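S.K.: Okay, handing you the structure first.
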Amino acid sequence: MTLQAVSAVSNSSLLQPGFSLLNFGGHVFFFGQKGWPKRSCPTGVFLLDLRQNELKMKSVFFSKDSCYLPPLRYPAVCMLRVNAESDEHQYIIHGGKTPNNDLSDKVYIMSLVSKNSKKHTFQCVEKDLGGDVPEARYGHTINVVHSRGKTMSVIFGGRSYTPLAQRTTEKWNSVVDCLPSVFLIDFEFGCCTSYILPELQDGLSFHVSVAKNDTIYILGGHSLQNNTRSPRLYRLKVDLPLGSPAVTCTILPGGVAVSSAIVTQTSDTEFVLVGGYQPDNQKRLVCNTIVLENNKIEIVECTSPDWTTDIKHSRMWFGCDMGKGSVLLGIPGANKHLISDANYFYILRCKGAEEDKEEELTAQICSQTLTEDPGDSTPFEDSEEFFLSTEINSFDVDDTDTYNEDDEKDESETGYWITCSASCNVDINTWVPFYSTELNKPAMILCSSGDTHWVHAQCMDLSESTLLHLSEANVKYFCNEHVDLNKGLQTPKKMMPLKKQPMKPLHKKTTMKRTTHVKKSFLRRLFE
């Protein structure tokens, strides 16, 4: 194994724990940026250009018939081949977190529709599901299985918010393990079926799952309920006859108690397990080889790379599988106690140069990473690992249209968790709902002063009735710091025009008398 440092050029702040990687046509694409997409790349999907150990980003485009795809972090992602004879494939994306910490229960299908040296165009379609639809979640896995000429997807694990009926003020935004149900999904017809297996007693998240043919192996993971990392190894076998599908589970010996691990494939039957965290909340610097042969799995310890001092001393790390035995690893910058935008990245190659050649990767990999605090470090959430089949140094794209984050506003200046005023006391780690309309983010209102800015309604001491009135009425609002400005800019009250009193009409007899008098005067002057 070899470890090589990579320089992120002016875009490392977008590469935060929770991102995803997709592979189309020998190119790796980044998805799941920090914050909402900006005008430089409204799709939120980037081509990763890695040349001469420098990492750059180039924005990509969506077709006109595509749906909106939010920047989801910690979703479940796997590759789905169109047919066995073709290399054409799509990606399935399920669940994940939005930048507002809302959880998604939607399923998206991503495919590449056109490409050239300067432009890649994707199609994103939202898939409707029926039946036992999985609830919104993150930190779970999705795999594709093949049996008797049929293909289906399997979803397992993850975390979700506490159900509304069980929420309290103190634990309004707390998360819980999803029930250990296995969901079998037929994307051709959009049907979902859930299975409860007696061998699966505890919910798991940020585990590793490796699938081959009709079998899925689930390794490690973290349970919030027990606060443990499972040492068990599960084997799920899916049979797809003409009638109802059958799903069975077997507990196997030889598991590894690890969470947030990364799996990369080095051959048709061999994988390497890298990174993650041990039961004592320490980084797991040991690597393992996973061999799948003859419907059996074997996990053995292998030689670990020569980790750098920065990696050894870092309290946390995250990364993704880049395919063909290569892994992208990231650690925080110099500030050890605050999550900084300055991350350092490395490429770990688990294969020798003589083995690094084009090969068909037949197994589907989808692993998740942990969202917890290892020891005394700041809470964090690691990324998912995905099945990719690209040469990491094979990028040959034009440098034009490279994303430059300096053109955009700092993400810390936007969102629900900003410091809205000098007296702002809203903290993402301690905030609890104050108004009945709030769920997992604070209510905000726009101040109309100057360039306009958003403030928290609670920081402005607004009552709920006033907040509802302002949200429904078409009036301008000025925050406590700009209320004096409001007095000087008030629009003058509209003055009603004065009503003119109509003239009273003359009486008919009076009118006739005046007419006769005028005529007599005229005739007298005429004959004089």
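Backbone N, Cα and C atoms are what each Cβ position is placed from, and that goes for glycine too.
What TrEMBL records for C420, C424, C447, H453, H456, C459, C479, H482 is Zn(2+) binding site. Annotated domain 'Recombination activating protein 2 PHD' per TrEMBL: 415-492, in sequence order.
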S.K.: For C424 (Zn(2+) binding site), what is the tally of other C-beta atoms lying within 10 angstroms of its C-beta?
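M.R.: Result for C424 (Zn(2+) binding site): 15 neighbouring Cβ atoms inside 10 Å.
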S.K.: Would you please pick out, from the binding-site residues C420, C447, C459, the one with the fewest other Cβ atoms within 10 Å of its Cβ?
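M.R.: C459, out of the binding-site residues C420, C447, C459, has the fewest neighbouring Cβ atoms within 10 Å.
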S.K.: Considering the binding-site residues H453, H456, which residue's Cβ sits among the greatest number of other Cβ atoms within 10 Å?
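M.R.: Of the binding-site residues H453, H456, the most buried by Cβ count within 10 Å is H456.
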S.K.: Just how many other Cβ atoms lie inside 10 Å of the Cβ on C479 (Zn(2+) binding site)?
M.R.: 22
S.K.: Would you list, in sequence order, the residues of this chain other than C420, C424, C447, H453, H456, C459, C479, H482 that have their CB within 8 A of the centroid of the site's CB atoms, where the site is the one recorded for Zn(2+)?
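M.R.: Filtered neighbour residues, in order: S421, I445, W454, V455, M460, N480, E481.
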S.K.: Over the span of the domain 'Recombination activating protein 2 PHD' (415-492), how high is the average pLDDT in this prediction?
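M.R.: The answer is 76, the mean pLDDT of the model over that range.
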S.K.: Enter the number of other CB atoms within 10 angstroms of the CB of H482 (Zn(2+) binding site).
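M.R.: Around the Cβ of H482 (Zn(2+) binding site), 17 other Cβ atoms lie within 10 Å.
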